[in-house]
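Residues or ranges marked as domain 'Methyltransferase type 11' in TrEMBL: 58-131. The domain '18S rRNA (guanine(1575)-N(7))-methyltransferase Bud23 C-terminal' feature in TrEMBL is assigned to 248-286. The region 'Disordered' annotation in TrEMBL covers 265-288.
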Amino acid sequence: MASSGRRPEHMAPPEVFYNQDEAKKYSQNSRMMEIQSQMSERAVELLNLPEGQPCFLLDVGCGSGLSGDYLSEEGHVWVGVDISTAMLDVAMEREVEGDLVLGDMGQGMPFKPGTFDGCISISALQWLCNADKTSHSPPKRLHRFFSTLYSSLVSSCFYSIPRTAVRNSPGLLFLTLNRGGGRAVFQLYPENSEQLELITSQAMRAGFSGGMVVDYPNSSKAKKSVLVFPSFFCVSLLVHQESFLRTRFKNMKGKSVKKGKDWILDKKERRRRQGREVRADTKYTGPT
């Protein structure tokens, strides 16, 4: 494809592509931060977590911690994994609230069975479809990742949904795969249908089941793909997703990424409880 040369995963391995210059964009580019926040919000909604109950979540490809920020805002505790030291450095500079782990998702998740209530991942999974080294086998790395993720999610008995469910509404694709108890949501940019088949086949080989939801498939600009590996899936989302996304992006357009005073005070209080050094509150703290 003509645009394939512009795909980040075709330029360099992720630990090389996401260098210091690239990492800075995730803390300085307001547009990029806004988009990341929107996708994280959508991913958390698709997790369908118990309302009002803090959960322990995994963020795969956490980068600079923008998606983790949203998890913290929702009251969840999280652990982030990323292969880029530059991105994790930015996350630490931003003083994100989650714990950070340097690791290659293709080598598997280094966590005990049943650790996490759920998992999200924004714009990371497609990197496993490329062989950056002669020793890399995309099918094997995908299976290693999915099998260890499957193990690290909590298990319980819920119903599953059909593998594929597509709506012809105008850029997000959701592949829903069920683990049993814990749920995982992956937003990604597949290069073609072969990559999607590779990903879903390895996920199902690891034990997942589920389906795919497509939002905005006819928009090459807005199209984003999301894999959802849930314990159960709220079918009503298939009905309401089009109006949700149109309303969401319409409402978010032009909004500032700055948070209100109450949000800032609450975040500072959480950090004090964690034993972190926090500046004293003043009349200038946060926008009024």
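Glycine too: its Cβ is placed from the backbone N, Cα and C atoms.
The domain '18S rRNA (guanine(1575)-N(7))-methyltransferase Bud23 C-terminal' (248-286) scores a mean pLDDT of 62 in the predicted structure. Here the domain 'Methyltransferase type 11' (58-131) is broken down by DSSP into helix, strand and coil counts: 25 helix, 19 strand, 30 coil.
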